[in-house]
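What follows is a set of notes on a single structure, which appears directly below.
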């Protein structure tokens, strides 16, 4: 009679190896013998394949997670994911991080994400968080953590050798990175006089989308902006066809792009668009996409074209702030153009903040951020690659601070605008560079529009007179014109053959009508 088999507990790495060998066609029986486990265990591993791969992808290999034998996760998985992203960003930016700061940031994210439960950022939670992600005790001492310059230098050398070995041109080398955008955001001093900003009607904006920029090293091929929101089809989209948007839109609940969404973007959008572009340039359909270090993205083996000619390469840990191209001013420039456009829209419509926020939708934000991405110059992108390709720097043109010019121009205009006289260049600069919902970026709460909802009699009266207003034989009011314009915009969004320029023209007309309506309302009071 055979003795009882000794219990074997596999590591995460062992399970990944088994999954790989199963895909290569090795039988359950043979693997059970090799690893000293039962066939049922091998079958369970295959059954949980996606969960195991996702867990491995979301872990930092340098933390020794490959030696772990369990996949126990945090009670608040989304909070955990956001926190490690935040922590890694602080490291790359060289910002001191202590246990107290971590706890406060976790509490902030818990509230900002609208999570439910009784969360306590205790010392026990902090210890478990550090253990899950292999964060050493030294990281909690508040010591300034700099980007790994040695790793960055070594990667640059290896990457240049790879490019030469594969005979790749800058046209065939791409970079992509994501950032959060609080799309309802104006400089705090433009919303009202300083004495009014401390009232309960103002709060920091939590309206957030994720944007991901992707372009090649020449800056001549910029893929459509990838935008990720929480709603599958926001109310503002109405009957719009998502394929007609000027961006590639996805939806998810997480705070950063999930592996499944990124893989879908890579396979359905990145690969086909790159192949088409390279073919038009008479180049071999071969390319590499440079990405941040995981866990933000799936494993390298999962990201390649069917023919294996378009692949990805990951940067090592803690070098994003040093050599990640999109983090060398590209993402910041997009945000600056977006916020400048938003401010110009605010001034153009002549509305008070309450009306501005009531009219502003995520669809407006998508068009505005798409315009901002289109405005980023090719030499701005080329300069972002100078640490990976020093020879390109001499061809990148003059180093002009576009943000400084934008800030100066906007501050001058605002100082001659009603309710915006207190704005200065410093205020604009802070707002341009704000990363989250801080005091330089405020909006109105929904409670401000409560009085509008408490007027059912007026609404009924409005419904009765609507047909009269839409009668072309009568004088057309601003309200009726605005309604027609909104309906026409909805119609254009449903058509698949309309040009973006046509939609932008109509949106400009809508802004003019709103401004005229505002002026008329002011005269009647």
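Here the Cβ of each residue, glycine as well, is placed from N, Cα and C on the backbone.
Among the residue ranges 28-48, 49-69, the one that TrEMBL annotates as DNA-binding region is 28-48. Your range for region 'Disordered', going by TrEMBL and the list 415-444, 445-474, is 445-474.
Secondary structure counts, DSSP: the DNA-binding region (28-48) has 17 helix, 0 strand, 4 coil. The average pLDDT the prediction assigns to the domain 'HTH CENPB-type' (67-139) is 74. According to DSSP, the domain 'HTH psq-type' (1-52) comprises 33 helix, 0 strand, 19 coil.
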